[in-house]
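*Asks:* Copied straight from TrEMBL:
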type	residues	note
BINDING	Asn151, Asp211	Mg(2+) binding site
TRANSMEM	6-25	transmembrane segment
TRANSMEM	46-66	transmembrane segment
TRANSMEM	72-88	transmembrane segment
TRANSMEM	100-124	transmembrane segment
TRANSMEM	130-147	transmembrane segment
TRANSMEM	159-176	transmembrane segment
TRANSMEM	182-200	transmembrane segment
TRANSMEM	212-229	transmembrane segment
TRANSMEM	241-259	transmembrane segment
TRANSMEM	297-316	transmembrane segment
TRANSMEM	322-341	transmembrane segment
Amino acid sequence: MDIFLAIATSFLIGFLITPILVRVLKKMQIMDAPGGRKIHDGFIPSMGGVAIIVATFISIFSWFQYQQLLEIRYFLAAFALIFFIGLRDDMVDLTAVQKLIGQLVATYMVVIMSDIRISSLYGFMGVYELPLLISYAITFFTIIALTNSFNLIDGLDGLAGTISLITFLFLGWWFINAGVESYGLFALILVGGIVSFLMFNWHPAKIFMGDTGSLSLGFALSTLTVLFIDTNGTMSEFQGWKFYAPIASGVALLIIPVYDTARIFTKRALKGKSPMAPDKGHVHHFLLRMGMRHDQVTLTLGLIKIAFIVLIFAAHNLNDHILLPIVILSALAMGFRLDAITLKRVKEICRTSPPVLSINQKPKYLSKKPVIQSKILRNAKISNN
């Protein structure tokens, strides 16, 4: 019962404060302007992540027992730090180095102080327990890379919220089922806040989550996914629902941001561009070019995400040697298929639509200014009447 009350609390608080936040941000003129690689029209308030995170913390401190707070105190502190970094970045743009330093500090708190890390490869390629320094290095890279990968998909109404909602819902259920109740309850409380936010972020969005939300949710997702991988890899089959391919299962949980980032970085590198150069080459941009609406793209990618979760459930008895290639090949097949469909659709649109120049082109007899000879002007009689 406490779980449902905690979720309801975060939902209700988020639902109440989000419209207030919209009005305040409009008054303060803290809004996301259209143009460039932005795909929205008009000025939309950003920093909507404030509502999600504030609602989450209020619910946590209302329903968590003291011992539960102690168990996740370093994680909560790191989560709060990332929240303030995102908040600051939304108000005054931080440099990439400044954000990276903040992320390193937050990651240190969860990896070193909370001991949330990938401690093993769980038999993949014959490797089990990892040396401590290698474990730290892999986990630092994983958390920071996944945090920023999730931040990159926040470019469409409802997309980041929907993807994180599905993942937190799964992780919350799994952690509670596995006896890791503090982190499970945290994930489910976030679900309540995200649902309330999506009611205002669904297309056409009245507010965006901004880096305040996307960095915070991305950090929580990456940290909890690392915890899921390690807990799942070291638990006995009697502790809960065990996935025998922990690495593949973790990749499947974040398949949308992982695939999108790998794809876009590879394409930029092959073109000789900086991997960090912004453009409109993300998966959601391609789907929009097919003529799909924001909500249709969001639902499509959400269904793909659910399909990968169903896959790891159906193949939970397989190990990483088998399931990891299946997950990777499935993602590649999905990507090639989407690219092919998009290209075909764009060609159809180009073939059936009249060229833009022909629409705006003036008739030939109006395309040039009339030329009047000076001799005619001299001989002309101009009447003042």
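The backbone N, Cα and C atoms fix where each Cβ goes, glycine too.
As the structure is a computational prediction, the values presented were derived from the model and not from experiment.
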*Asks:* Sort out the residues at least 6 away from either end of the transmembrane segment (159-176), same chain, that have Cβ-Cβ distances under 8 Å to it, and list them.
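*Replies:* Same-chain contacts beyond the ends: 3, 150, 153, 183-188, 190-191, 194-195, 197-198, 201, 209, 213-214, 217, 220-221, 224-225, 227-228, 231, 240-241, 253-254, 256-257, 284, 294, 297-299, 301-302, 305-306, 309.
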*Asks:* Can you find at least 3 Cβ pairs under 8 Å between the transmembrane segment (72-88) and the transmembrane segment (100-124), where each pair is 6 or more residues apart in sequence?
*Replies:* yes
*Asks:* Six or more residues out from either end of the transmembrane segment (322-341), which same-chain residues have a Cβ under 8 Å from its Cβ atoms?
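*Replies:* Hits for the transmembrane segment (322-341): 124, 245, 247-249, 251-252, 255, 258-259, 263, 283, 286-287, 290, 304, 308, 311-312, 315.
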*Asks:* Indicate the candidate from Asn151, Asp211 with the smallest number of other Cβ atoms within 10 Å of its Cβ, considering only these binding-site residues.
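*Replies:* With the binding-site residues Asn151, Asp211, fewest surrounding Cβ atoms within 10 Å: Asn151.
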*Asks:* Ranking 130-147, 182-200, 241-259 by Cβ pairs under 8 Å to the transmembrane segment (6-25), which is first?
*Replies:* 182-200
*Asks:* Near the transmembrane segment (130-147), which same-chain residues lie under 8 Å Cβ to Cβ, leaving out any that are not at least 6 residues past its ends?
*Replies:* 82, 100, 103-104, 107, 110-112, 116-121, 215, 218-219, 221-223, 225-226, 254, 257-258, 261
